[in-house]
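Q: The structure follows.
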Amino acid sequence: MLKIAWRNILRNKRRSLLSLVLILISVAVLFLLRGYFSATYDGLELMAINQYSHLQIAKEGFWNEGSEERKILSSEDINKITKILDAKEEVIDYTNTLEIAGILGTEDRSTIVSGMGIETDNGQNLEIKSGTKLFAGDETRVIVGEGVRKKLHLKVDEWVSIMATTIDGAYNAGSLQLSGSFSVGNDDADSHYIMMPLSFAQTMLNTDGVDNFKVMLSDTELTDSTIQELKREFKREGLAVEVRSWRDLANFYHQVKGLYDTAFFFLSILVFILIFMSILEIMSMSFFERMGEIGTIRAIGTRRSQVFVQLIEEALILGIIGGIVGVALGWGAGVIINNLNITYTPPSSGAVPLYIKLALNNGITPFFIIILATTLSALYPALKASRLKVVEMLRHV
Amino acid sequence: MAIIKLENLSKTYSSQVEEVQALKNINLTIDKGDFIVVNGPSGSGKSTLLNLLAGIDEASLGDIQINNISLSSLSDRERTELRRNKIGLVFQYFELIPVLTAWENVEYPLLLQKVSKSERRRKVDRILEQVGLSKMAQRLPSQLSGGQKQRVAIARALVTDPEIVLADEPTGNLDTKTGEKIIELMLNLNREYNVAFVIVTHDLFVNKYAQKLIEIQDGILKIKEVNEYA
Ligand SMILES: Nc1ncnc2c1ncn2[C@@H]1O[C@H](COP(=O)(O)OP(=O)(O)OP(=O)(O)O)[C@@H](O)[C@H]1O
Ligand SMILES: [Mg+2]
């Protein structure tokens, strides 16, 4: 019986081809879109992990907005946490940071900065624009965002002063020597970020504590399970700390993902409706033309259900072929796009290459959307055709 | 032995405009192996009668019994089953499935009956041979002449060994000579398989083959003559 459905598809080649092309393009477009989105997610994930590490550990309440006092991990906390992290095989690296807000200035210029005390022996995943990054052993050197450097007209090795308030609220000031400038790929951030040795930041804030631990794992997949384990162990040690994953911390990741997911959802619905309406039209026409034929096969003993199945099969075959070839087509188009090295420039950022992630995974949703759309669109005409009275269909000839 | 009995059968078509009484109080018995020819002017109710016999239309009044089972008591599905297994249909416009070859068209009812592949092959080959179309088996209907198409249709109607074949103007679209051959073919098959035939026709030459000749006029059925064959 599948044979009949198949031959009926071949019978009106132009119509079937039209349906097929429609399905094909839709699947390919959805596939490409998904490929682009998931490449973007991957990029964002990398960026988020770069910025936040896989997970962060901080004093309980650290991330609560509007909390009055500064929540800092004490040196006692630091020792305990260090011991636990050192025992974990999947933890490949960790580092401490301490945030410091203040004013950076020269004799005739100043600007508000948001500084970060970092362990200088740790890789600074930044694009260095001038000078050098910070090195182990640096104590009074600083690197600043390219925007900050420009605003203050700083030159490498020039001394700048920094003013901040200590944890207890006292005024404090110090001097730093410019080591270099960097960019994080975002103009806004580059115009107020600076980085200095952790020890300097601690002195400025008059503390021996840190804000947090930034922890890198051997595999991103291990993030959630490691967090669970750490939480248990911290609790056993009586540590009042919180653990957050890069996913919790990276707001931009969720914003973009949410936006893209919504966009994809609506586009999918659009494509679904488009395919549904066109196939409905095409199938109705095709079934209507074959009314007499359907009447005949009913008259010689084909059950309603068998007629129904046969007509649905036609749509299903089209959907499956269109789905598979569509994904293949999308894949081919993706390869071409990736090889063209197209770049685009989003606002307040550098050029980004347009990259399509090619994964069979990204074809699954488009494939099923299309199968669903074609099958559902054939449902009503098929049901109608199988329900009609045999005599009436025969008279239709 | 009666295989079909019509009792006080009436059929009225009602539309908004008017009511047409297509069949009026018809009584008829069809026996096993009958060769019945139905005459009558256009619009007299011949097709209506065949449709009722085939169970693809419903009577307004009266009853049709096939093997002592009342058609009106059957569900749509059961009537479909009945057509599949007990009735063969031949149409004026052949009504072959255009995407299937002659061979596959004849095979189709056997597929519905879920007959095994080897059995299907045996039956289809045999009946195509009998209607003289073995050589055309792989052709599509569009590659066959009218007479050849009707032979395929007859083969399709008979391949399931039905008890009765209903043919509505099977020669209506054929020239007289081809028509005559088709009727002769039906007569031969009627004798060989002892299958009852009911043939509706305008062609008067068919009448000479009739075992029972029936005329319908304005929905009223008259049995004109009954010939006994040896
Ligand atoms: N669906 C219908 N609705 C209304 N009237 C119908 C319908 N089908 C048939 N009729 C009417 O019933 C009468 C009998 O029709 P039927 O088709 O049985 O005639 P027929 O003897 O087969 O004619 P022909 O030789 O032209 O095929 C006609 O008057 C016809 O107009
Ligand atoms: Mg008629």
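Each residue's number is its place along the chain shown, starting with 1.
Cβ coordinates come from backbone N, Cα and C, glycine included.
From TrEMBL, for reference:
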type: DOMAIN; residues: A:265-388; note: domain 'ABC3 transporter permease C-terminal'
type: TRANSMEM; residues: A:263-288; note: transmembrane segment
type: TRANSMEM; residues: A:315-337; note: transmembrane segment
type: TRANSMEM; residues: A:364-383; note: transmembrane segment
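Surface or core, plus neighbours and distances: that's what I need for these features.
A: Within its own chain, the transmembrane segment (A:315-337) has Cβ neighbours under 8 Å at 2, 5-6, 9, 16, 19-20, 22-32, 35, 279, 283, 354, 356, 358, 360, 363, 366-368, 370-371, 373-375, 377-378, 382, counting only residues six or more beyond its boundaries.
Through the fold, the transmembrane segment (A:364-383) approaches residues 19, 23, 26-27, 30-31, 34, 268, 271-272, 275-280, 283-284, 287-288, 307-308, 311-312, 314-316, 318-320, 322-324, 326-327, 330 of its own chain, all at least 6 residues removed from its boundaries and within a Cβ separation under 8 Å.
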Q: Take the domain 'ABC3 transporter permease C-terminal' (A:265-388) and average the pLDDT across it for me.
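A: Looking only at the domain 'ABC3 transporter permease C-terminal' (A:265-388), pLDDT averages out to 89.
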